[in-house]
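To start, the structure under review is shown below, and the notes come after it.
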Amino acid sequence: MERNTCMILALDVTEREEALKIAENVREFVDAIKVGYPLILATGLDIIRELARFAPVIADFKVADIPNTNRLICEQVFKAGADAVIVQGFTGRDSLDACIEVASKYGKDVFVVSEMSHPGGAEFLQSAAEAIAKMAVEAGAFGLVAPATRPERVKEIRKIIGDRLTIISPGVGAQGGKASDVISAGADWVIVGRSIYKAESPKEAACEIAEEIQAELRGK
């Protein structure tokens with residue numbers, strides 16, 4: 001996945017036409033589009049290929065099952081046209097290996113959740129985040145998911161992985177995270193959803209956040 005704008009759109013809407021319209025409007029400001037269960041369950045897997053006309057698609061299914069089931073899920077995701085999948089790390093190395101094995105077959109990427117962005121994400125996952133990060137490096141994942149709502153945690157994860165993996169960071173905007181703060185902490189991409197797709201002008205909102213990111217990068 002190429003790093004140009006350093007922003008990923010989290011497209012958590014449930015209407016096909018709305019999703020396509022937003023994706024087309026903001027395409028110049030995002031490096032990828034992240035889709036999850038709300039949109040996929042409402043419209044079907046075919047929406048992935050439709051959105052891929054505008055930007056690479058990350059399937060945020062937080063895959064968390066036994067190796068064989070993980071393998072089957074990832075097969076469907078990549079056959080549908082996704083460029084990457086997000087998986088949970090707490091299920092262990094064998095389950096992660098199954099996802100990476102399928103991704104390698106298709107020439108695609110795997111992002112591993114180290115810690116989620118909501119307050120509850122600090123209750124159980126935080127204590128395992130560093131071990132998950134180390135495992136992701138050893139397994140050969142492409143990147144980690146770390147919370148924009150807690151930039152200090154992004155900084156800690158970056159210390160562990162160095163430049164061996166990328167970091168995508170959700171929670172910018174509606175959840176309280178600030179794009180420039182998390183880029184400064186070491187994230188490669190920020191993930192923004194409601195602040196863009198619920199804005200009166202998604203294009204203007206995306207442009208504004210993209211400019212904030214670029215200003216931070218210029219200041220580094």
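Keep in mind that glycine also has a Cβ here, set from the backbone N, Cα and C atoms.
Positions annotated as active site, proton donor by Swiss-Prot, on the basis of sequence analysis: Lys62. Note: Lys62 (active site, proton donor) has non-local neighbours Ile86, Val87, Gln88, Val113, i.e. same-chain residues 6+ apart with C-beta under 8 A of its own C-beta. In the three-state DSSP scheme, Lys62 (active site, proton donor) is classed as strand.
Taken from Swiss-Prot, the feature substrate binding site applies to Asp12, Lys34, 60-69, Ser117, 170-180, 193-194, supported by sequence analysis. The Cβ of Ile66 (substrate binding site) lies under 8 Å from the Cβ of Thr91, Ser95, each of which sits 6+ residues away along the same chain.
The C-beta environment of Gly173 (substrate binding site), restricted to residues of the same chain at least 6 apart in sequence and closer than 8 Å, consists of Val192, Gly193, Arg194, Ser195, Ile196, Ile209.
Here Ser117 (substrate binding site) comes close to Pro147, Ala148, Thr149, Arg150, Ser169, Pro170, Gly171, Gln175, Gly177: these same-chain residues lie at least six apart in sequence, with C-beta atoms under 8 angstroms from its C-beta.
A C-beta separation below 8 Å, combined with a sequence spacing of at least six in one chain, links Asp12 (substrate binding site) to Val35, Gly36, Pro38, Leu39, Gly193, Arg194, Tyr197.
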